[in-house]
Amino acid sequence: MAETEALSKLREDFRMQNKSVFILGASGETGRVLLKEILEQGLFSKVTLIGRRKLTFDEEAYKNVNQEVVDFEKLDDYASAFQGHDVGFCCLGTTRVKAGAEGFVRVDRDYVLKSAELAKAGGCKHFNLLSSKGADKSSNFLYLQVKGEVEAKVEELKFDRYSVFRPGVLLCDRQESRPGEWLVRKFFGSLPESWASGYSVPVVTVVRAMLNNMVRPRDKQMELLENKAIHDLGKVHGSLKP
């Protein structure tokens, strides 16, 4: 109870600062849930989506969401889209199966890094990166290697605050079907929570951990949250809607 009350106070203090935020990857499952939670909590005075296409929303809550459509192959031409945001969330990502090896590297490393560079130049103070459990630039696995590489490259940009989230298998009802994901989610979803939490995590828990972490003051410039820390922080709901 004391923890949720403290979190509610932190949220209220954060709201009073009238900060602005951008989200990269709002069309994906994590980005979509993140946007929903941000709007429900009313944490920012301005919310901007940066993506390759404009998204359509029917709900009234989304009417004031700003959208910047960019060409990720020519991001330097869209530097203005990254200007004036206090906080940034990057949920960009694809798979090797969908985009091929070169396409995967281009999206998950090159697009992310260039976006971070433009955000830093545009005045962003706190950059949040959705990475992956096991990310390691020295890994022999391309997926984990690329995730580790971009983590390190973004850290070199020296944001005032840089938060990296490394969730395990994301449990969600993904709109876009990816080969094998349904079976994996079904497997982890059927396991006892105490065991599954080491290897998987619901998307909504990741999102809540991101936002709960954001409103808490930190002295460290860089912070890394592994799957267990994401579980623990994401379970503190405070005044969040169920």
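The backbone N, Cα and C atoms fix where each Cβ goes, glycine too.
Looking at 2-25, 50-73, 146-169, the stretch flagged in Swiss-Prot as region 'Required for interaction with elongation factor EEF1A1' turns out to be 2-25.
Within the model, the region 'Required for interaction with elongation factor EEF1A1' (2-25) shows a mean pLDDT value of 92, rounded to a whole number.
According to DSSP, L92 (NADPH binding site) sits in a coil region rather than a helix or strand. Note: the region 'Required for interaction with elongation factor EEF1A1' (2-25) comprises 14 helix, 5 strand, 5 coil (DSSP; helix = H, G, I, strand = E, B). For Y143 (active site, proton acceptor) paired with L92 (NADPH binding site), the C-alpha to C-alpha distance reads 14 Å.
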